[in-house]
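*Asks:* Under the heading ATP binding site, Swiss-Prot lists Gly13, Pro14, Thr15, Ala16, Ser17, Gly18, Lys19, Thr20, citing sequence analysis as support. Annotation source Swiss-Prot lists substrate binding site at Thr15, Ala16, Ser17, Gly18, Lys19, Thr20. What Swiss-Prot records for 38-41 is region 'Interaction with substrate tRNA'. Residues or ranges marked as site 'Interaction with substrate tRNA' in Swiss-Prot: Ser104.
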Amino acid sequence: MSSYPTPVIILIGPTASGKTELAIKIAEYFKTSIHNIDSRQIYKFMDIGTAKPSKDQQKKIKHFLIDIEEPINQINVQQFQKIAQKSIKREINQDNLPFLVGGSGLYMNSITKGFFIPDIPPQNNLRIQLEELGQKKCWELLNNCDPLSTKNISFADRIRTIRALEVFYVTGKPLSTLKVQNPPNWKVLELGLDRDNLKERILQRTKNIFLSGIIEETNHLISKYGFDLPILETIGYREAKDVLKNHSTIDKAIELTTTKTIQFAKRQKTWFRNKNNPIWLNNKNLLKDAIIKIESFLS
């Protein structure tokens, strides 16, 4: 294998910024596939609430790292890192241009920068104590001991909040400060997508998600795995679950989901600027600007 660094293209951006649509156009132009770096799209049966690429989009362009596990089987950052790196290596060995797309900064950096993620088994006693405290208190604890991680973890994401607290309490080190270990021999171009009208896009996408059937999708997940499925505590699904319980209305669920998503997108943008420092694309002509930058990078 060549000792020269392998070129790898990355497209990052906050939720609802239009990554999927732009990524497909880029992949079509460069005749390559897409590796989805997303902490929820890896799970089966969660298509609407995660805004997963449609079946038609997946037929048009091959997508990796989508629907790789059932939601009852939680995948942590370390497990995802291993799965993703293996998939990307396979593409490199076939002389394909690796193209990574996602909004999860921690997951992306674990792959591209080689962050060492400690292999800490679930701490059952600790988890019981944390779950008794409730998500609000756990997120506040995490924000106190590891504020950088909360910039990339939604306030409603109980799974990743508890996992980050486990890492801190077991190792004594915040998850966000874990050092790079054996970074891959890649030459990486990071492109950033950030829309001026992001709040409006988030509101529209949230409406579309509820109109498209997130409540029915949530009901299906509940019937298959039960009300206590942890992933149902994440943004969108939690609000849909409250509607099913008659604790909320659809209008209130849309409003709350929109508010939480806007807050999460703000934290994503802060993470990208602090941890990634991408080249931001020109919003007036995204595809043209992306192609110019990628071709220059590859030449």
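Every residue gets a Cβ built from N, Cα and C, even glycine.
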*Asks:* Check Ala16 (ATP binding site) against DSSP and tell me helix, strand or coil, would you?
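*Replies:* In the DSSP reduction, Ala16 (ATP binding site) maps to coil.
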*Asks:* Can you work out the mean pLDDT of the predicted model over the region 'Interaction with substrate tRNA' (38-41)?
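*Replies:* Across the region 'Interaction with substrate tRNA' (38-41), the average pLDDT comes out at 94.
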*Asks:* Which chain-mates of Ala16 (ATP binding site) that are at least 6 residues away have a CB under 8 A from its CB, listed by sequence?
*Replies:* Ala51, Leu198, Arg201, Ile202, Arg205, Thr261, Ala265
*Asks:* Taking the centroid of the Cβ atoms of Gly13, Pro14, Thr15, Ala16, Ser17, Gly18, Lys19, Thr20 (ATP site), which other same-chain residues have Cβ within 8 Å of it?
*Replies:* Gly103, Leu193, Arg195, Arg201
*Asks:* Quick check: in three-state DSSP terms, what is Ser104 (site 'Interaction with substrate tRNA')?
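*Replies:* The three-state answer is coil.
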*Asks:* By a simple count of other Cβ atoms within 10 Å, which of Ser17, Thr20, Ser104, the recorded positions in the record, is least packed?
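*Replies:* Least crowded of the recorded positions Ser17, Thr20, Ser104, by Cβ count within 10 Å, is Thr20.
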